[in-house]
Each structure stands twice: as C-alpha cells, then as structure tokens.
Amino acid sequence: MKYFGTDGVRGIANSGLTPEMAFRLGRAGGYVLTEHAENKSTQPRVLVARDTRISGQMLEEALIAGLLSAGIEVLRLGVITTPGVAYLVRIQDADAGVMISASHNPVEDNGIKFFGGDGFKLSDAKEEEIEELLDQPKDTLPRPAAEGLGTVADFPEGNLKYSQFLEQTIPDDLSGIHLAVDGANGSTSNLVSRIFADLNVEFDTMATAPDGLNINKGVGSTHPEALSKFVVEKGAQVGLAFDGDGDRCIAVDELGNIIDGDKIMYICGKFLSERGKLKQDTVVTTVMSNLGLYKALEAAGLHSKQTQVGDRYVVEEMLKDGYNLGGEQSGHVVFLDFNTTGDGMLTGIQLLHVMKETGKKLSELAAEVTTYPQKLVNVKVQDKKAALNNDKIKAVIKDVEDEMAGDGRVLVRPSGTQDLLRVMAEAKTDELVSAYVDRIVDVVKAEVGIE
C-alpha cells in the first residue's frame, strides 16, 4: 500500500502529512464508510481524536472538514489515548474511529490511523479502497450543498466513559500502593490523576503538562530512565511510563530498574494462569521478545506463540487462535478480554493489581525472568531478500546456533523500511553475545554488505 503503513498514514506534519492530505483522507474515508454502511438511511458516525502534538489541531480540523463534506456524523473526542478511541468506537456504536497521532515518535511526526466499528484496525480491503480514491487524478465524489452534509459535535464525555471502563477492569481499588507516573506529556496526561485518585493510589506525576511541543521529549516509555530517577527520588514502590498516545506502558521497580513489556507479560500471564484466566495458558509475543521470557514461561508451565514484529500481528494471532494476552517488549500489551489494542493505562492497572493481590514488590515479581544480554547490529546490504538466501550466511548462522545449544538465539531479519539486515543474538554473557553477532556480521558484510 502506498499511503497506509502498519500504523496508518504517517509523515512529517505539514510537509509529508499535510492538511490537504488529511482533508482528502477524510473525504475518501467518509465515502468508503458510507458505501459499506449497513443502514443506508442514517449517516455513518465517526469518532475523531488526537494526541497532544501541536500539529494535531491542524490535521483534526482538515480531516473533520473532509468527513463532513462526505456526509459523516462526527463526534470530536479531543485529546484521548489511541486505545480510548478503540474502546469508544465499540460502545458508541460508531462506524469508525480516527486517531491523529504518531505514537512514541518525535513531535514533528504525525499520523492518521483508522479503526473499524469493532475497535480493530480498519480492514486492508477498506484501506485499499481509500487509497484508490486518493490516487484518482480528480475528486469526483459527491459534494452536497445542504442535505447530505455531515455534522460535528464535541464529545468530552468520551474521556470520562473510558476512565470509568479502565477503573472497572479490576475488582477492587489499589490502596496501599505508592506510584510514580510519567505521562510522556501526551494523551494520558489529563487521565492519570483522575483514574489513580479514583483507585485510591498515592501517586506522584511527571511529564503531565503538555504544551504541544514536549510530547515524548526525553520522557515516556521510550525514555524510561527519566521515570527511573523519579521513582527513586519519590521513594515510590513502582513507576509507570506511557507513550505519547497511551498504547504502551513500561514499568520501573522500587529500585529504579526498568521492567519492559516482556516482564510485564510474564508477571500478568502467570497471575492470570494461576487463577484459570489465561486462555490456553499461552502468551503471544513477537520474535523480538527476549529468550529469558520464553525460559521463564516454560519454567512456569506456560506456552508462547511468536509472530512477526508489530502489535497488529500479535492481535491477529490472538484472534485467530483465541488467546487473551499478548504483546511486545516495547510495552504494547494486549489484554483482549478488555480492549482490542495495546493499552498502556489498562496494562499499568493490571500490573498494580497483581502487586496488590500478591503482596510482592515489583522487583520480586520481575526476578523470575532473567533477561539474556542482547546485541543488535544493522548491516547495510545491496539486497536484503537475497542476503537471507546466501549459503555462507546461512552456514554461519547454523554454526552459531549449534554452539549455543539452546542457551541463546539468533535472529537475522530484513528491516521493514530500509536496505538493512538486522543481526540480533542473545546469549548468557555480554562477551558471548558480542562474539556471536560479530561472527555473523563479518560474513554478511563480506558477502552482501555495502559500505
């Protein structure tokens, strides 16, 4: 697809992703939704939301204008998290939801992501129909002057409904926990205080003052070291860091150690399994999850299923085979019993619930996963597909794997966006992992590398 990537349409705001493009997306998207609407007598309803980056307002106005010109009833949610949109689309009986965000990326980037009425990503077929319309040399879609135009209404109660939903995902409150929260100056900034106060948590916040320019800037789930310091400074038992659009959560234990998505999935998976609530006793992960997670799951008598990198592939696998917990090392964790996508605040609340129920410190809960040292090297290559079929490269990978004898792993995969081959290994020690990666990288460079 030309415009839609795995996470919607992305680009640098106002140059790559322009207001003109947002308007056209609104018109084309609105038209496709109208064509597919089951009930032709009512106007399709679309929820529109954004994160806190300054370009969000510009793109939101343009996108809504496009939707209105195509006859859509728009409910404007304002600033809310991506999983908040996925949830509200379902309960407001909307035909689609649109989130304007570039998630954990820098402030200059922005994106437009569509959700279907079921709260999952819009189907590839519908995205392709939208792309075809965007590629037409001339816009020939209908342009009603009065009857047939859409209307827009603000829907501030969306945030409240979503907050109440999150609070009801656990059976009791979280009193007795001292928490530090990093809102990444993003979409969770205006939610955290309300939710954690309602749940009786004692909490301190940082990075919850968005100014349009400071989203993800040295804070949030991609920079958890900021929260790590804050946790120790405040003497908190646990820290939670979200990203700009609130679909990720990374935790920090009481000592300031970073607890990534792998460890969060293990802790929550084991807890659910012990209560008979983990479907098929299986956790769905991507190939980037650490070997330490698999060893810990195995030791706890749990299974794992692997997918390619990307939270959408995790969700696809979960839906296909009926699993209810999955996610990525980056902190996208999906609790399919509650929501259709990775939800940072939901994940944080579930993790705090496990701490309260077990009475254990986060460092204790996480200690059951021993993370293997990992090294990743990107090699520029002429043809990344051909590199994977090169006999000498295959041979060195096999040699290294044989030497590891199950106490390490190798993953060599092409980059999704650049002419790079990513060479990753995990082993018991830093020395071993460096030696293994260097051996493979030397062969890759000699065979297909370009300087």
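From the backbone N, Cα and C atoms, a Cβ is placed for every residue, glycine too.
Pulled from Swiss-Prot, these are the features on record:
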- S103: active site, phosphoserine intermediate (ACT_SITE)
- S103, D243, D245, D247: Mg(2+) binding site (BINDING)
- S103: phosphoserine (MOD_RES)
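Within 10 Å of the Cβ of D243 (Mg(2+) binding site) there are 34 other Cβ atoms, across all protein chains. Its own atom aside, the Cβ of D247 (Mg(2+) binding site) has 34 Cβ atoms within 10 angstroms in the protein chains shown. Between the alpha carbons (Cα) of D243 (Mg(2+) binding site) and S103 (active site, phosphoserine intermediate) lies a span of roughly 7 Å. For D245 (Mg(2+) binding site), the same-chain residues that are 6 or more apart in sequence and have a Cβ closer than 8 Å to its Cβ are D51, T81, T82, M99, S101, A102, S103, H104, G186, S187. Its Cβ placed at the centre, S103 (active site, phosphoserine intermediate) has 28 other Cβ atoms within 10 Å. DSSP assigns D245 (Mg(2+) binding site) to coil in the three-state reduction, placing it in neither a helix nor a strand.
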